[in-house]
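Enquirer: Below are the features listed in Swiss-Prot for this protein:
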- 16-25: compositional bias 'Basic and acidic residues' (COMPBIAS)
- 42-53: compositional bias 'Low complexity' (COMPBIAS)
- 294-303: compositional bias 'Basic residues' (COMPBIAS)
- 304-313: compositional bias 'Basic and acidic residues' (COMPBIAS)
- 332-398: compositional bias 'Basic and acidic residues' (COMPBIAS)
- Lys151: SUMO2 cross-link (CROSSLNK)
- Lys310: SUMO2 cross-link (CROSSLNK)
- Lys331: SUMO2 cross-link (CROSSLNK)
- Lys386: SUMO2 cross-link (CROSSLNK)
- Lys388: SUMO2 cross-link (CROSSLNK)
- Lys404: SUMO2 cross-link (CROSSLNK)
- Lys408: SUMO2 cross-link (CROSSLNK)
- Lys496: SUMO2 cross-link (CROSSLNK)
- Lys501: SUMO2 cross-link (CROSSLNK)
- Lys543: SUMO2 cross-link (CROSSLNK)
- Lys544: SUMO2 cross-link (CROSSLNK)
- Lys553: SUMO2 cross-link (CROSSLNK)
- Lys98: N6-acetyllysine (MOD_RES)
- Lys137: N6-acetyllysine (MOD_RES)
- Ser287: phosphoserine (MOD_RES)
- Ser417: phosphoserine (MOD_RES)
- Ser460: phosphoserine (MOD_RES)
- Thr485: phosphothreonine (MOD_RES)
- Ser536: phosphoserine (MOD_RES)
- 1-90: region 'Disordered' (REGION)
- 181-205: region 'Disordered' (REGION)
- 294-402: region 'Disordered' (REGION)
- 342-375: region '17 X 2 AA tandem repeats of R-[ED]' (REGION)
Amino acid sequence: MPERDSEPFSNPLAPDGHDVDDPHSFHQSKLTNEDFRKLLMTPRAAPTSAPPSKSRHHEMPREYNEDEDPAARRRKKKSYYAKLRQQEIERERELAEKYRDRAKERRDGVNKDYEETELISTTANYRAVGPTAEADKSAAEKRRQLIQESKFLGGDMEHTHLVKGLDFALLQKVRAEIASKEKEEEELMEKPQKETKKDEDPENKIEFKTRLGRNVYRMLFKSKSYERNELFLPGRMAYVVDLDDEYADTDIPTTLIRSKADCPTMEAQTTLTTNDIVISKLTQILSYLRQGTRNKKLKKKDKGKLEEKKPPEADMNIFEDIGDYVPSTTKTPRDKERERYRERERDRERDRDRERDRERDRERERERDREREREEEKKRHSYFEKPKVDDEPMDVDKGPGSAKELIKSINEKFAGSAGWEGTESLKKPEDKKQLGDFFGMSNSYAECYPATMDDMAVDSDEEVDYSKMDQGNKKGPLGRWDFDTQEEYSEYMNNKEALPKAAFQYGIKMSEGRKTRRFKETNDKAELDRQWKKISAIIEKRKKMEADGVEVKRPKY
């Protein structure tokens, strides 16, 4: 055998003495297939003498081992590396088919992805501006070339062309797409399996004999600090719902994220105890009570201001919308439910207002009862009641022109004091408890102190107007809901002057102090009455002195 594959070799030469020109041997040399089969079937005869050879290097041993032959080993190695190289070339060719150098395509001005879209977008430009003949010709040729290429390549599954015979190009393209999709799906299926293998819990590998050991292991090695989301602080996130817009398309609220500074801190919330909560609640209630008592003492002007500042909902009549409300058929069920909810809220507000007014009326009733009891108690223990004689009206005509005429008229009218006193006692027999001398009728100090207790309790002849006095009826005053509108109720409250009995007995407390009846301005009749009392006291004194024999200075009439 040749030592190297590159060396040329030929068939062995015929041995010496071989006669080719012999016709018999020539005929014998024409062997058939049958002779070839016989030759193969006959065993080889052992050669008696070997032909001479130049070198024994190329002679094969009797027991040939291919592994020991270096040439065979070289051939095996060469064929193995040739196969690897062939596989690598095929892989590179497949990658080269899938790979596109888009940068090179952009440099060359050939971009297959955007050619069709550019042509479609530029069709309007051809009509807008009159193109040149060369540009029109080049655009038409380009379009024709694209159509021809698409026909030759078979298009795709969406845009196919009629091709004679089987469209191998399209078939190959679809097969490649299916193969790539299957490969991607397999990769996606393999990824979770790898992740599950990596995420295998080491706890499963460890064997625990007791439950306590497992819990200790979990506490030491598996304790995780929980991460808190900053958006979920108390009061951080809120929902803003637009209630004013009744015709909104959607009822989706707006999410509002407040600043951290506006949110209450966790420490401030957790440090509150039950005592602090009770104290804060008590202070709140006391502040409400304090404000309520101040609001009761508002003047009429302030009341009018407050009523002007009231929202329009408070001015609505409770029966204002009854009979006017017509439900619309075009409204959605959600709008109807919203309307019903608002109606219920208004009814609740009205009930609360009524209950508040009733409670206020009950409080006034209780106050009147207490005042009545105080008045009765005062009447029982009053020692210095006003004499009923003073309540009698006196027929006093026009005042006299001078003091002389006044004295003359008094002397003519009341000739005897005893008779006058008798008539008075007949008129009022129930005035036995009256202390006459104490009030200055027959007191010797009357001349020095003419203004006595009667003057401090001056009463006019006019009848007292008790129509404004609160009689203490059980029904109570009129409330807000006894009027049709808020304007009528406010007008009634501004003009109302219902005073309790204590005001008639003790006077009305004004801003400058309590103004009682004893400080009331006296009219003309009261002034004349007081002057008459003074003069009658002087006359009585002189009569007594004359009776005792004392000389009295007489006036000159």
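Residue numbers in this text run from 1 along the chain shown.
Every residue, even glycine, has its Cβ placed from backbone N, Cα and C.
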Enquirer: With helix taken as DSSP H, G or I, strand as E or B and everything else coil, how many residues of the region '17 X 2 AA tandem repeats of R-[ED]' (342-375) land in each class?
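Expert: Residue counts in helix, strand and coil order: 34 helix, 0 strand, 0 coil.
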Enquirer: Express the distance between the Cα positions of Lys408 (SUMO2 cross-link) and Lys543 (SUMO2 cross-link) as a whole number of Å.
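Expert: That separation, Cα to Cα, works out to 16 Å.
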Enquirer: Can you tell me the CA-to-CA distance separating Lys137 (N6-acetyllysine) and Lys98 (N6-acetyllysine), as a whole number of Å?
Expert: 34
Enquirer: So for Lys553 (SUMO2 cross-link), how many other CB atoms are inside 10 Å of its CB?
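Expert: Neighbour count, Cβ to Cβ under the 10 Å cut-off: 6.
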Enquirer: Helix, strand or coil for Lys496 (SUMO2 cross-link)? Use DSSP.
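Expert: DSSP call for Lys496 (SUMO2 cross-link): coil, neither helix nor strand.
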Enquirer: Could you give the Cα-Cα distance between Ser287 (phosphoserine) and Lys98 (N6-acetyllysine), in whole Å?
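Expert: On Cα coordinates alone, these residues lie 83 Å apart.
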Enquirer: Using the structure shown, find which entry in Lys98, Lys496 (the recorded positions) has the sparsest Cβ neighbourhood within 10 Å.
Expert: Lys98
Enquirer: If you draw a 10 Å sphere on the Cβ of Lys408 (SUMO2 cross-link), how many other Cβ atoms land inside?
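Expert: Result for Lys408 (SUMO2 cross-link): 14 neighbouring Cβ atoms inside 10 Å.
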Enquirer: So among Thr485, Ser536, Lys544, all listed as recorded positions, which is physically nearest to Lys553 (SUMO2 cross-link)? Use the C-alpha atoms.
Expert: Lys544
Enquirer: Using C-alpha positions only, work out which of the recorded positions Lys98, Thr485, Ser536, Lys543, Lys544 is nearest to Lys496 (SUMO2 cross-link).
Expert: Thr485
Enquirer: For the region '17 X 2 AA tandem repeats of R-[ED]' (342-375), report the average pLDDT of the model, please.
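Expert: Mean per-residue confidence for the region '17 X 2 AA tandem repeats of R-[ED]' (342-375): 87 out of 100.
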Enquirer: Of the recorded positions listed here (Lys98, Ser536, Lys543, Lys544), which is spatially closest to the residue listed as 'phosphothreonine' when Cα positions are compared?
Expert: Ser536
